[in-house]
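First the structure, in the form of structure tokens, and then the observations on it.
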Amino acid sequence: MIQVLLVTICLAAFPYQGSSIILESGNVNDYEVVYPRKVTALPKGAVQQKYEDAMQYEFKVNGEPVVLHLEKNKGLFSKDYSEIHYSPDGRRITTHPLVEDHCYYRGHIRNDADSTASISACNGLKGHFKLQGEMYLIEPMKMSYSEAHAVYKYGNVEKEDEAPKMCGVTQNWESYEPIKKASQLIVSTEFQRYMEIVIVVDHSMVKKYNGDSDKIKAWVYEMINTITESYSYLYIDIILSGLEIWSEKDLINVETSAENTLKSFGEWRAKDLIHRISHDNAQLLTATDFDGPTIGLAYVASMCDPKRSVGVVQDHSSVNRLVAITLAHEMAHNLGVRHDEGSCSCGSGYTCIMSPVINSEVIKYFSDCSYIQCREYISKENPPCILNKPLRTDTVSTPVSGNELLEAGKDYD
């Protein structure tokens, strides 16, 4: 027998339309105030977790009721996930936090087969969902006395900077010829791959977020949760193996030149990071404003290479999804994916992830071209580091090392 626990998050049962508001994502024009109602089904006698494996929320969008179904992203963290920061005297401190009961979810809207959702439920609902072909953002409103949330379309966020933003990769590498049509590629479970990544946050990010490591972590977790949704189309699982925060100073010279920073980061990874944390790919997240319109750069077709399986990404927007898409873009270059051209498509009217320019349009998915190029790169090169399937965090019955602290010079097995 199933007992249904109905939790009314707010007594208000009606939405409210607003014209302008300042939210975490920036100034938003034309938003809707909603009061989600949580409906959770628990088996009789089951222990209530802080964050259930599956949850449902009911609210209204444009006056129509919707049911948001969420399932915990259990593959988000590796079983030996670690976090690293540095003490004022330069000691490296490594922790292995318990991440089994995290608050990051993927999901869909009930009765909308084409819907998707990527949501943080840590403090209210924050993230995005696609409903009837439209991308909506949702986040709690800054009112301590209420559980009100704002729902709005991405296009209603006032742009921070109208200047075009671009990936620094140029189209000067060899393509895999001939390019097949998507229908000619055979898809089976043998094509599933698993990319364990480490995110390195530089000191400019620490300054940008006023030294608030919890805020930095939440920002990164939300990004990774978003890109796991995007990469499922390419049959690639993205798993976060580690998060390193350069809390006191940068360990490389982070320059406004994206090219120089990428080179330095790759060299540092090969001589340092790769020996401390098991991972396949590393990305540097920086608040440094790269020269010109560049907001990201990565080596192409370089997966598993110690120096070149890396990218650098500028934290260029207050909209988490936009930075996450930039991260997904640079990682795809490592997987042999090129910039989209005019014939590439990810749905009518949509801008695709591998567009060389980020503009005001909603960026949705990888294109058909990206799918083909990724599959052909994997088929031809078969990068070995992404073949092994890591254990998920929910398979670990006890913590590996609890919250063990390690100083510089001590290794973790």
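Yeah, the Cβs are placed from backbone N, Cα and C, and that goes for glycine too.
Site annotation for Ca(2+) in Swiss-Prot covers GLU196, CYS385, ASN388, and the matching candidate from ASP112, ASP114, ASP280 is ASP280. Cross-referencing CYS344, CYS346, CYS352 with Swiss-Prot gives CYS344 as the cysteine bonded to CYS369, criterion being a recorded disulfide. Of the listed cysteines (CYS346, CYS374), only CYS346 is recorded by Swiss-Prot as the disulfide partner of CYS352. Mean pLDDT of the predicted structure over the domain 'Peptidase M12B' (193-390): 95. The secondary structure of GLU196 (Ca(2+) binding site), as reduced to three states from DSSP, is extended strand. One residue stands out among the binding-site residues HIS329, HIS333, HIS339 for having the most other Cβ atoms within 10 Å of its Cβ: HIS329. A Cα-Cα distance of 9 Å separates CYS369 (disulfide bond) from CYS346 (disulfide bond).
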